[in-house]
Amino acid sequence: MTLLIEQLPVEIQADETNIHHAQNQKELVLGDGFAVPQTNAFGHNFRDYTVESARQQGVETFYKINHFNQTYDYVRKMRVEYAKLDKAEMSIWECCELLNDVVDDSDPDLDEPQIQHLLQSAEAIRKDYPDEDWLHLTALIHDLGKVLLLPSFGELPQWAVVGDTFPVGCAFHDSIVHSKYFKESPDYNNPAYNSKFGVYSEGCGLDKVLMSWGHDDYMYLVAKENGTTLPSAGLFIIRYHSFYALHKSGAYKELMNEEDEENLKWLHIFNKYDLYSKSKVQVNVEEVKPYYMSLIEKYFPAKLKW
């Protein structure tokens, strides 16, 4: 079965690895250095939510729904439900292959198998950081939580799987995409949740903070609860790679502790590979599979509960 995701604006998909290269941008050639393209396929800056475009209305509609539904209570409910890890039992590589059943039919950059994006990101990082094998594997698995879109994992709506993530249980920061729609959130006028720190405290650490529900937090739960031996920076990248208010705008740093500060440095490194490594230069899956299988064996059990 192939699940065709309804057309999403490219801006929404930015952190979901659907960034387009400019049409006149040279294709990324893995191994010849990593060049970041200056504009997307529309000739706009990446993640520019103010530019006038035919897709702007769709962007706003997505985030309007997202910001209304992603409440503190909703996130707590979803974390309890998916912490059961009762949806499937399979290996990391099996999940990589399963993710190929999720295809965005509206995006010309996504006519390649999903595993290509995962491997392109991982291989680009591998060439620039050859000694950080945990980072190579983190790149391979960071988007596996998108299986939430599939029927056997609940077939969640897109607003509950993709898009930028943000803390719930405290005030919504203005740097969050289309933050004006938080005014319609049930949490917006709740005094328990609408102060700067809300239910948290200064320097409490991001691991104490509930994030809006999506593929990031789900994969973090899967990895952590299955006893991965990835370093904390790897889990940090998995959980917060869509948290643009933090790693792009510097918001919510008052909630971070010292370990978060160190891990954020790795997230900044990872981010450009996540966004800009898509290419028509395909990775030979069978050629690199043994390497990644060895990393999976090193950092994960043979079978995981999902």
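Any Cβ shown, glycine's included, is placed from N, Cα and C.
Other Cβ atoms within 10 Å of the Cβ of ASP164 (substrate binding site) number 24 in total over all chains. What TrEMBL lists as substrate binding site is ARG47, ASP104, ASP105, SER106, LYS146, GLY163, ASP164, HIS241, SER242.
Per TrEMBL, the feature Fe cation binding site maps to HIS117, HIS142, ASP143, HIS215, HIS241, ASP274. Around the Cβ of ASP274 (Fe cation binding site), 24 further Cβ atoms fall within 10 Å across all displayed protein chains.
Long-range Cβ proximity for HIS215 (Fe cation binding site), meaning a same-chain Cβ under 8 A and a gap of 6 or more residues, is found for ASP143, LEU144, GLY145, LYS146, VAL147, LEU148, VAL161, VAL162. SER242 (substrate binding site) and HIS142 (Fe cation binding site) are 10 Å apart (CA-CA, integer value).
Cα spacing between SER242 (substrate binding site) and HIS117 (Fe cation binding site): 16 Å, rounded to the nearest whole number. The Cβ of HIS117 (Fe cation binding site) has 23 other Cβ atoms within 10 Å, all protein chains considered.
Between the C-alpha atoms of HIS241 (Fe cation binding site) and ASP164 (substrate binding site), the distance comes to 9 Å. Here the Cα atom of ASP164 (substrate binding site) is found 14 Å from that of ASP274 (Fe cation binding site).
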